[in-house]
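If you look up TrEMBL, you'll see Glu133 marked as active site. Under the heading Fe cation binding site, TrEMBL lists Cys90, His132, His136.
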Amino acid sequence: MAVKPIVTYPADVLETPAEPVTAFDKSLKKLLGDMYDTMLEFDGVGLAAPQIGVLKRVAVVDIGDETGKIELINPKVIAQRGEQIGPEGCLSFPGLYGEVKRSDYVKVRALNRHGKPFTIQADGFLARALLHEIDHLDGILFTSKVMRYYDEEELEEMEG
Ligand SMILES: [Zn+2]
C-alpha cells in the first residue's frame, strides 16, 4: 500500500458528491489500504476517498480508541441525536481549526470491504469523525459548518 498526496482546498474533487461503490474487488482493497496509510502518515483520524482524488463513497476512520480502524463503504447516517460543539480540522485544510456543531450520537449503516452490510453506533468524538468523513462523500466541507475559527493563540494552547 502507498501514501498518496492529499488534495487540499480549493479543488473541485472536494466539492463533488462521490459515486457509490459497486465492485468489491482488488482495486477497492488497494484504495482502502492507501487511504489508511495516507491518514496515518498525515496524523489524521479519518480520510475520505475524494481527499486523495478518488470520487468513490469510501472513508476510513481511526481515532485511536479501542474501536480501531473503521472502513466505510457507501455509508448512510440512519439515526442521530443530541449535539456537541467542539474543535474540528481537516487534512484538506492544513492548519485550519474551527468550532463545529455535530450530533452527539450517530448510527451509520455501511458496507465492509467484502460488500457485507454492518451498522456502527458512536458518540462524542467518534460520532464527529464519522459525520465529518460522510460529509466529504457528499462534497460537504467542514468549513461550511464552522461557527468560528480558532486564532493562533488558541491553537497553541490546544497543542499544549
Ligand atoms: Zn476532512
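Glycine is treated like the rest: Cβ placed from N, Cα and C.
Those TrEMBL annotations? Automatic predictions, nothing curated.
Feature annotations (TrEMBL) mapped to structure.
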{"residue": "Cys90", "record": "Fe cation binding site", "contacts (Cβ under 8 Å, 6+ apart)": "Leu96, His132, Leu141, Phe142, Thr143"}
{"residue": "Glu133", "record": "active site", "contacts (Cβ under 8 Å, 6+ apart)": "Gly46, Leu47, Ala48, Ala59, Val60, Val61, Leu72, Pro75"}
{"residue": "His136", "record": "Fe cation binding site", "contacts (Cβ under 8 Å, 6+ apart)": "Leu14, Ala18, Ala48, Pro50, Gln51, Ala59"}
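Shown in sequence order, Gly46, Ala48, Gln51, Glu88, Leu91, Ser92, Glu133, Asp135, Leu141, Phe142 are the same-chain residues outside Cys90, His132, His136 whose Cβ sits within 8 Å of the Cβ centre of the Fe cation site.
Every protein chain considered, the tally of other Cβ atoms within 10 Å of the Cβ of His132 (Fe cation binding site) stands at 23. The secondary structure of Cys90 (Fe cation binding site), as reduced to three states from DSSP, is coil rather than helix or strand.
Reduced to three states, the DSSP call for Glu133 (active site) is helix.
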